[in-house]
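Comments concern the structure below.
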Amino acid sequence: MGIFDYFKSKSQPSSASVAKDRLQIIVAHERSKRQQPDYLPQMQQEIIDVIRKYVQVDSKDVQIQLENIEDCSVLELNVTLPDQ
Amino acid sequence: MAKIIVVTSGKGGVGKTTSSAALGTGIALKGHKTVIIDFDVGLRNLDLIMGCERRVVYDFVNVINKEATLNQALIKDKRTDGLYILPASQTRDKDALTLEGVDAVLKELAEEFDYIICDSPAGIERGAQMALYFADVAVVVTNPEVSSVRDSDRILGILQSKSRRAERGDAPIEEHLLITRYHPERVSAGEMLSVEDVEEILAIPLIGVIPESESVLKASNQGTPVILETESEAGLAYTDAVDRLMGEERPMRFLDVQRKGFFKRLLGG
């Protein structure tokens, strides 16, 4: 870094720290998908179909997540019901 | 029992072949009988890096197809005792490598060699999967750059799910991180991910950091593994990495910016 660079604005985060933040997010996202069992997408579709038999919901209003916390797996199902 | 080491990365151009050549040579220099296998079918390059391209007669696929014996295909390195190269085939047939064929060749090699280095092709397709399937140890070569780090993480997922050890439920593949093309100056200027950043994201033990160095290109121009360049930082960093791979403790070198003189700093040179 020379004397000329010194006067440039220093307020922005360094590009390396931007890279690190982006990587941490994408890697965590991809890892969580990797640990999903193969049957999850199909199960997700079938659950959505069952809910649709009773309530008209959009598939984006149904969120299914499988979380592994130590040796315990939690299947989380979130359904946003439409307004009456 | 021979140890099978895969040198892999996902992304291309990060230094897999350079690292395979360097690590293989370094292990052989320690007195272990070593063979380096080029798994990059159709894009053979290990022979060039090792400087034996004019001595290739038979290749890996010839051996699998029983068109040649292993002894006919193995090339003895002229510089390093106890080091052999098994070149890749230049065929365009993507299915030339079969799991049974690779298994049979590795078994035969294991009777004679202490270390088998598998130089993986880029990508996550057949060749790369074959190279890592039988591995005991993986060296994941990563550049401090977003796409390389992400691809390395992807390869780690494959090592943990698609390898023979994973399928059999054996002890998992021992994973090691090798960071290459590292610029301490750019890291200190905040322009490049640091060793700590990459370690934190990938969360596997670090086996070495190879600084960006002119000697890597010079060595490949001449067909010499860069580890033999004992004057160069990259060569020394590879020697350290081999020592660590063999379980020895070595402090990390070449991670800090070399101090510049007052005028150079003033002028930003």
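Quick reminder: no glycine exception, Cβ is built from N, Cα and C everywhere.
Residues or ranges marked as ATP binding site in TrEMBL: B:Lys11, B:Gly12, B:Gly13, B:Val14, B:Gly15, B:Lys16, B:Thr17, B:Thr18. The Cβ neighbour count for B:Lys16 (ATP binding site), using a 10 Å radius and every protein chain shown, is 30.
Sequence annotations record features per position, and here TrEMBL assigns domain 'AAA' to B:2-153.
Here the binding-site residues are B:Gly12, B:Gly15, and the one with the most other Cβ atoms within 10 Å of its Cβ is B:Gly15. Taking a C-beta cut-off of under 8 angstroms and a sequence separation of 6 or more, B:Gly13 (ATP binding site) has the following same-chain neighbours: B:Ala122. Neighbour list (B:Lys11 (ATP binding site), Cβ cut-off 8 Å, at least 6 residues apart, same chain): B:Ala122, B:Asn143, B:Ser147, B:Ser148, B:Asp151, B:Ser152. Averaged over the domain 'AAA' (B:2-153), the predicted model has a pLDDT of 96.
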